[in-house]
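K.L.:
Sharing a structure here in structure tokens format.
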Amino acid sequence: MFSEVMRYILDLGPTVMLPVVIIIFSKILGMKAGDCFKAGLHIGIGFVGIGLVIGLMLDSIGPAAKAMAENFDLNLHVVDVGWPGSSPMTWASQIALVAIPIAILVNVAMLLTRMTRVVNVDIWNIWHMTFTGALLHLATGSWMIGMAGVVIHAAFVYKLGDWFARDTRNFFELEGIAIPHGTSAYMGPIAVLVDAIIEKIPGVNRIKFSADDIQRKFGPFGEPVTVGFVMGLIIGILAGYDVKGVLQLAVKTAAVMLLMPRVIKPIMDGLTPIAKQARSRLQAKFGGQEFLIGLDPALLLGHTAVVSASLIFIPLTILIAVCVPGNQVLPFGDLATIGFLCGDGSRRASWKSVPHLNLGCHHHEHHSVDRDANYWFAHPTGG
């Protein structure tokens, strides 16, 4: 009976499951029933919009990426299915139904012991932690090792949500929000490391340019929509499309640049009252400690620099796949959603040099990486 109920809930998908969780969570916080429903519905609508835009990217950029590989006769025989393929496989695993309550219990235990400030409501994306557990279970045949993988992955991700909450607030202006995502959150520490290395390279550390700088310098030709159009032209040409195909792809990538930030707005409209209520109620109950609502990195796609980085990354990812010795995997399934990885890295990296493209891009944040690293060690729950 329990497995059937859990399977039914999972089959609802994030566009239904997340609003339901949000409604229940906001009601527990003491919000009025009407406000709870309105907030949950807005968030659901926002994620439907994100799904539509990502669908547009999958339908247009996905075939272009495959055509690009064929056009250059790349010897890549294994096709990456990405999260659209790996997520259903994970939920179908033997460990899946147990992993969800375990990941939730880890979050509750860490909150009670004040090891984290993240209240994770992004239940759908527990599948990343489940994926780790399922792999360990398949590799070792041990349920205990599989469960340990879920626990360790979950604990580490919640801590990453803590550590990078300040960047989420300062750069993306998401007050009271954390992004404890099972895969993209790992880009944050990598970004800190690469940023520290870049800062030590004479000459390179003085190269600074941002999306705002490009827009000021080039005017309308530096607008995000124009950048998206140009990136579409480049991808279409590399894919070997004819003039019609290149122009159609360029307009679609420009549309993604325009629409993605706009479909985020309903989510923010729904989250704002919940975040305020959560902070006031939880801080009053737990002695003034600040809490963070853990959500999907799709929120970060509202920033044009993240979308720009994701478009730049599409040909770069294929180039990297070609250059890595012995690689036979053709990046495909996750090319359209690569912005999820760019978002977490872009909180720390900057438009300073070519090496930063492996993290995403945004304007340079004027503070010391070393100072921030010391701050995290001194304050393990961030802030």
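We count from 1, first residue shown onward.
Glycine residues also receive a Cβ, built from the backbone N, Cα and C atoms like all the rest.
Quick paste of what TrEMBL says about this protein:
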DOMAIN    6-383  domain 'PTS EIIC type-2'
TRANSMEM  12-29  transmembrane segment
TRANSMEM  41-58  transmembrane segment
TRANSMEM  91-113  transmembrane segment
TRANSMEM  134-158  transmembrane segment
TRANSMEM  178-198  transmembrane segment
TRANSMEM  218-239  transmembrane segment
TRANSMEM  298-322  transmembrane segment
K.L.:
Among 12-29, 91-113, 134-158, 218-239, 298-322, point out the range having the most Cβ pairs under 8 angstroms from the transmembrane segment (41-58).
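P.N.:
Answer, by Cβ pair count: 12-29.
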K.L.:
For the transmembrane segment (298-322), which recorded stretch in the set 12-29, 91-113, 134-158, 218-239 gives the largest number of Cβ pairs separated by under 8 Å?
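P.N.:
The stretch I would name here is 218-239.
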K.L.:
Would you say the transmembrane segment (134-158) and the transmembrane segment (91-113) are in contact under the rule of three or more C-beta pairs closer than 8 Å, pairs 6 or more apart in sequence?
P.N.:
yes
